[in-house]
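Listed features, source Swiss-Prot:
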DOMAIN    9-246  domain 'ATP-grasp'
BINDING   LYS46, GLY53, ARG54, GLY55, GLU99, ALA102, GLU107  ATP binding site
BINDING   ASN201, ASP215  Mg(2+) binding site
BINDING   ASN266, GLY323, ILE324, MET325  substrate binding site
Amino acid sequence: MKIHEYQGKDILRQFGVPVPRGIPAFTVQEAVEAAQKLGGPVWVVKAQIHAGGRGKGGGVQLAKTIDEVRRLAGSMLGMQLKTHQTGPEGQKVRRLYIEEGADIGKEYYLSIVTDRATQKLAFIASSEGGMDIEEVKRAKPEMIITEFVDPLAGLGPEQALKIAVGIGLPAPAQAQAQAVDIMRRLYQCYMDTDASLLEINPLNCDGQNRLTALDAKFNFDANALWRHPEIVAYRDFEEEDPAEVLASKFDLAYISMDGNIGCLVNGAGLAMATMDTIKLFGGAPANFLDVGGGATAEKVTEAFKIMLGNPKVKGILVNIFGGIMRCDTIATGVISACKAVNLSVPLVVRMKGTNEEPGKKLLAESGLPIIAADTMADAAQRIVAAVR
């Protein structure tokens, strides 16, 4: 789950991480009132969307007068902000964050992610803050350092100091001591909130060697949200794909993609293999959709409705391996779904495993124009051919 920058900064404040003062605004008038409350002489007007690269897209701008705040707020609210993370369609700006201006000095990058390979937390840092870290990795990989932290031991002061020195934070004891303190607070924040990503870009060091987090990006582990109702309250459904939100209500794992072949599969691994096979034979998947091991006829019907809600879908591939899941249950769901949505696009079904033969019999006797396939490769080839 993602949250907005201003919400992330609320969390950082709770953990004692220094951030500029700021106030969220949903209207132009609220933006003006926020600037007046904060006081001048400079404000930063920030569009709030769940995507990076806002500055390059015109979503982060300085204002030196209240009239400028009003003008910028009026132009940003409602705009389709396009960044390298939004795609060509952009994302609509519905919220702003009005923040006090900062004395910009040297900018650094800090982030924490979980590294599955080492089974540790990776503390990633760079002296090239304020830039896209992927761009830094490509152009100046030597400017990025990674320190692995054992979650059983935690981030000790010696590791934090090693990171601070490694990215060239200024030598005065005050600055390095503050850097160590901030990193340890960020680590505690990451652990206590069950985050899967915590990114500060940039961490600003001003002319007096004071450090401030000028941006905050969080992702949270969806499997741990049940114990964080305060974080769930931050969720902004308007920033999410409506199809993905609807799918979550039926316990379906759904992610939209850019192709034209809908995929309904049980199991994340099989779903990814299915999409790869479609690509191998020249097709393009329109979605990732895992119905899980406890799918019912109702869930299958809802899955079909969600897939067909995408106008780009020109065909559907159902690929089921019946272990816990019974193939006849899926077949019943597929038949019900076809009738419920009045299916008008090609449908290929491949089923193997538990109750495979009864499932195939149900499909064959349904009277529906379902294309049967025996292997995953056969299924992929058939659906790719059908949508051409």
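Backbone N, Cα and C define each Cβ position, glycine as well.
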If I take the alpha carbons of ALA102 (ATP binding site) and MET325 (substrate binding site), what is the distance between them in whole Å? 57
List, in sequence order, the residues of the same chain other than ASN266, GLY323, ILE324, MET325 whose Cβ lies within 8 Å of the centroid of the Cβ atoms of the recorded substrate site. GLY267, GLY293, ILE320, PHE321, GLY322, ARG326, GLY353, THR354
Per-residue pLDDT averaged over the domain 'ATP-grasp' (9-246), given as an integer: 94
What does the structure give for the C-alpha distance between GLY323 (substrate binding site) and LYS46 (ATP binding site)? Integer Å is fine. 50
When the Cα-Cα distance from GLU107 (ATP binding site) is computed for each of the binding-site residues ASN201, ASP215, ILE324, which gives the smallest value? ASN201
Just the number: how many Å between the Cα atoms of ILE324 (substrate binding site) and GLY53 (ATP binding site)? 43
Comparing the Cα of GLU99 (ATP binding site) with the Cα atoms of the binding-site residues ASN201, ASP215, ASN266, the shortest distance belongs to ASP215
Looking at Cβ-Cβ distances, which residues of the chain lie under 8 angstroms from ARG54 (ATP binding site) while being 6 or more apart from it? LYS46, ALA47, VAL60, LEU81, THR83
Three states by DSSP: which one describes GLY55 (ATP binding site)? coil
